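Per TrEMBL, domain 'ABC transporter' is recorded for 571-824. What TrEMBL lists as transmembrane segment is 260-281, 293-312, 343-367, 379-397, 403-425, 484-511, 920-938, 950-974, 994-1018, 1060-1080, 1092-1111, 1142-1164 (among others).
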Amino acid sequence: MLLELARREKQSKLKPEEDLDIFIKAMSLDGKDASLLVDYILKILGLDVCADTLIGDHNCKGISGGQKKRLTTGELLAGQSRVLFMDEISNGLDSATTHHIIKYLKHSTCSLDATTVISLLQPAPETYELFDDIILLSEGQIVYQGPRDSALDFFSSMGFACPERKNAADFLQEVTSKKDQQQYWSGHPSDYEYVPAEKFAESFRFFPVGTNLCRDLFTPFNKMNNHPAALSTSKYGVTMWELLKIGYSWHKLLTKRNSFIHVFKFVQLLFISFVTMSVFFRTTLHRNTIDDGGIYVGSLFFSMNIILFNGFTETAMIVMKLPVIYKHRDLHFYPGWIYSVPYWLMSIPTSLIESGVWVAVTYFVVGYDPNYSRFFKQFLIYFLLHQMSLALFRVMGSLGRSMIVANTFGSFAMLVVLGLGGYIISRDSIPRWWVWGFWISPLMYCQNAVSVNEFSGHSWDKSFGNMRLGDAVLKSRNLFTENYWYWIGVGAMVGYIVLFNLMFTFFISYLRPLGRRQAVISNTEFLEMERKRKGEAVVIQLKEFLQHSGSSNGKTRTGKGMVLPFQPLSMSFSNINYYVDVPLEMKQQGISEDRLQLLVDVTGAFRPGVLTALVGVSGAGKTTLMDVLAGRKTGGHIEGSIFMSGYPKRQETFARVSGYCEQTDIHSPCLTVLESLLFSAWLRLPPEVNLQTQLAFASEVMELVELIPLSGALVGLPGVDGLSTEQRKRLTIAVELVANPSIIFMDEPTSGLDARSAAIVMRTVRNIVNTGRTIVCTIHQPSIDIFESFDELLFMKRGGQVIYAGPLGPRSCKLIDYFEAVEGVQKINPGHNPAAWMLDVTSMAEEARLGVDFAEVYKNSELFQYNKELVDRVSKPPSNSKELHFPTKYCRSFFGQFLTCLWKQNLSYWRNPQYTAVRFFYTVIISLMLGSICWKFGSKKEKQQDIINAMGSLYAAVLFIGVTNSAAVMPVVSTERFVSYRERAAGMYSALPFAFAQVTIEFPYVFVQTLIYAVVFYSMASFKWTALKFIWYIFFTYFTILYFTLFGMMNTALTPNHDLASIISAPFYMLWNLFSGLLIPYKRLPVWWRWYYWLNPVAWSLYGLLTSQYGDDNTLILLSDGINRKPIKKMLRDGLGFRHEFVGIAGIVVVGYCLFFAVIFAYAMKTFHFQTR
């Protein structure tokens, strides 16, 4: 077909359009040449420059926000879909790039006879004109649907006309708005009456286009005209075998890219294996008594613990991947099993290596039975255990779906598996109502298999009474002695691996993400909608009408809060150069330089009362320049000079007088709009501004940015709940504005907004400028109205070079005159957007066509000389002026910062039930479960095993609740830390008050957890009810759970993300478990490890818990040999080394660990900064 098309074109002497020609050729190629289509899409979307760059996330720098948006578009265009629904694909893109993308979509739609529906925000006129039909929605109703050319005619018939130089798309969005409609009325002003959306929709039905549409809709579709291949008969794009191969390649690549985590886990496991080897060293162990066998059982149990816990990090890793899995699943990229099967296959080598290394290092050195068949049998069972562990925690992650819930589920699964596995509580001690839990615990089968494998060996053939010593050890621990239990264990492990992987596949195939995608509407809008629904008249209060009319006609509202004193400041900068180190990947592609220059000799000035736009194509360096000027860059190399009102810029001072509205709109999700503003005001306004003035000022700011109706709305999470995108933009501006800054930087304040919402934001910005402040905005694809609301322009091209800096002039005349004066530049068409025109005529393609470098043209222009003189002038301090100086770095004292941060944390915790309520619920479940499992353990004092069971019950609870708290707090700290980066950069507070507030807020929540658990478990386990013993129990439980929680916070602060924090935490939990005194008593530890026992916080907790309950008890109990008796007090002292007189010291130590972890957490928050900008 392609050859025939080419022949006919040549015969007719037709030259096809270049874009369309490349597209058709790309679509016609199969096999190895199909990558041409991908390359073409990359070029069209402007992604060819970052094709080999990692995407990155909020902590790891990758491609830009605009590039991520285009990547989402390209992900679908690269497929064979013939129906495309594309929502706001132009967010973060300049108008020229948007035009190219829509032009490409138009070509593909026409060429392939496809159907494409696109929602766009602020489309430029030339982009709007590419569409065939439009659908105009207002208040949930279709106001117009039909040919683009007839849209203005319809509204003209209703009495509304689009003004000259008004973008038709902007007109269509605003003409149905109550606030903006009147300005487009073409009749006599006295005849105007608001036309609601219902009336537009009703009138459209009688308009010729609407009549034709209704007729077409009522005409049945003739299936005879339909081609058999018109609809796809397959749910997925390629065969299942191809999908499986693609999925395997994808997981292989991701495993390679995440090699750091896997290598880190391997090194971690290797380290613990060496520790284990040295603790259970064969020269210190014997095979003479049951107690000797108990040490070997403990070493096997610890090994299983390590391998089981090694899979816990899978929970966090799966939760992080779920959004992508859900997106791919819902777009029918692949079924769930295509993801789970390769994921499982890629985990097999990991399990082989990790379990193999563990067995190879520990088996012979510890001194297990020296038989190679038993060596390989132990390796097999550990390999299957590792696979089962990975599959189990994948299930927990896919079921929990949020980091906090999934970690809680994972900890609960760990408790069930370990608690009912037969070691912590022996089989005969488990109450009959929990015996079923023993039989379904995977660890029970593994414990029996590995124990039978070891103790049926010849090294345990020594006689002990009338049986083998090995059998006696197994019976003393209530383990099975028959050899076939090894193969039962192997079979059970295989069964659980299959079961858990099937559950994982089911959950990722059918479960939906947590949370509801919704936004907040104001009470005013809700009441108005309700009145309309009920048919009541809409009554607008006079105050509300004046507010809306005052803002819609462009007049500045000067609120009383705006007259808070501030010092107008200018900023000048000259020869700004910014370099980053060239990544290793780029060096491998042939780039020889060590540094990559992103800004090249940028010079300019920003002045009070002047609204400056920072414009350029994606990748021009707009945000980079803003970050450099605002002092927000955390890496790279900066050259050049920056002055504030003639004095060298000092970052500490600058942070006090500036505001920075980031593109990402980062806020604490659990605060309301008013609380977010008050938090900023309390920390950033001078102390002399009293509370009443601050409240009044915050109200004025909310009125200025039109947030009064939403003052009580929770901010929420983007895309999940809370404020809409446009409301978040205005909140970001308000949070900075309540600081009463002199200079405000705004990074794409209109990105992601429709034309009307963007107009509201820019009206707000214009009002702020009119108060005498200096404002600089980066902006993408602005409409004519928004673009011409700016006073001056700093225009940059890709590569970080300035090609225009100066005033816009009326109707952008000065900008247009400047570029039209360059020979060969195409003149602007009447009515076209100057912003889109200037991007088109200065593109790299136009530079190549004209043979000019617009950066050089600018440097050789009179405008450049004028700007240089202006910068020199502004860089000198005015006469009789003083350099701005503050006596302190922050507005508030250390204690004031602490109290304010604590107020915020209190609200955030109280409104975060996923964290607070879930862990309370978990504590109740754990206390009831363990209480029922350990029913009346405290009252049983007949034999040594009773005391061991009591010790296990005391230990298990604090360990599992502590580990759960430690895991659950990590994502909470990570989220708040990310918000704190913005707040600390803004000079709100220092790291230490923030850190101590986050520590302090945990105190009451941990105390409530302790009370819940202590009361329930202590009474169900029937420990002795005396005031002193119960108080000691609460004391040790509280501080143990607290130091676990603080340990999780500390590790999060020490690492870039909670994924790595959980991986780092795992070996500590294992080492604390190993040296706690439960698995191997202090007196049986090798001499070279006894020092660590005293450094182990869990050992002190167990010491305090057990000794406070039994350390003064003289009841005689039967020892493990079944012959001798000894008082409990003496048994604890002789066997475990526990002395009742050291209870107080143990209490001091556990409090000391809380203080230690809290101090390290605060130090890490102050010292380490993991956000890369």
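Yeah, the Cβs are placed from backbone N, Cα and C, and that goes for glycine too.
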(message) Could you check whether the transmembrane segment (1060-1080) packs against the transmembrane segment (994-1018) - three or more CB pairs closer than 8 Å, residues at least 6 apart in sequence?
(response) no
(request) Report yes or no: does the transmembrane segment (920-938) come within contact of the transmembrane segment (950-974), defined as 3 or more CB pairs under 8 Å with a sequence separation of 6 or more? (result) yes
(message) Do any residues, 6 or more residues outside the transmembrane segment (484-511), come within under 8 Å Cβ-to-Cβ of it, and if so which ones?
(response) 322, 325-326, 329, 335-337, 339-341, 344, 377, 380-381, 384-385, 387-388, 391-392, 394-395, 398-399, 401, 442, 445-446, 448-450, 452-453
(request) Across the whole of the domain 'ABC transporter' (571-824), what does the mean pLDDT come to? Round it, please. (result) 85
(message) Could you check whether the transmembrane segment (1092-1111) and the transmembrane segment (994-1018) come into contact, where contact means at least 3 Cβ pairs under 8 Å with the two residues of each pair 6 or more apart in sequence?
(response) no
(request) Grab the same-chain neighbours of the transmembrane segment (1142-1164) for me: Cβ-Cβ under 8 Å, and only residues 6 or more beyond its ends, written as numbers and ranges. (result) 991-992, 995-996, 998-999, 1032, 1035-1036, 1039-1040, 1042-1043, 1046-1047, 1049-1050, 1053-1054, 1097, 1100-1101, 1103-1104, 1107-1108, 1111
(message) When you look at the transmembrane segment (403-425) alongside the transmembrane segment (379-397), do they share 3+ Cβ pairs under 8 Å, ignoring any pair fewer than 6 residues apart in sequence?
(response) yes
(message) Cβ pairs under 8 Å only, please: of the recorded stretches 260-281, 950-974, 994-1018, which one is richest in them relative to the transmembrane segment (403-425)?
(response) 950-974
(message) Do any residues, 6 or more residues outside the transmembrane segment (994-1018), come within under 8 Å Cβ-to-Cβ of it, and if so which ones?
(response) 897-898, 901-902, 904-906, 909, 916, 919-920, 923-924, 926-928, 930-931, 934, 938, 957, 961, 965, 969, 973, 976, 980, 983-984, 1030, 1033-1034, 1037-1038, 1041-1042, 1045-1046, 1049, 1053, 1158, 1161-1162, 1165-1166
(request) Sort out the residues at least 6 away from either end of the transmembrane segment (950-974), same chain, that have Cβ-Cβ distances under 8 Å to it, and list them. (result) 312, 403-404, 407-408, 410-412, 414-415, 418-419, 424-425, 912, 915, 918-919, 922-923, 926-927, 930, 933-934, 937-938, 940, 998, 1002, 1006, 1009, 1013, 1017, 1021, 1023, 1036-1037, 1040-1041, 1043-1045, 1047-1049, 1051-1053, 1057-1058, 1061-1062, 1065, 1069, 1073, 1076, 1078, 1098, 1101-1102, 1105-1106, 1109-1110
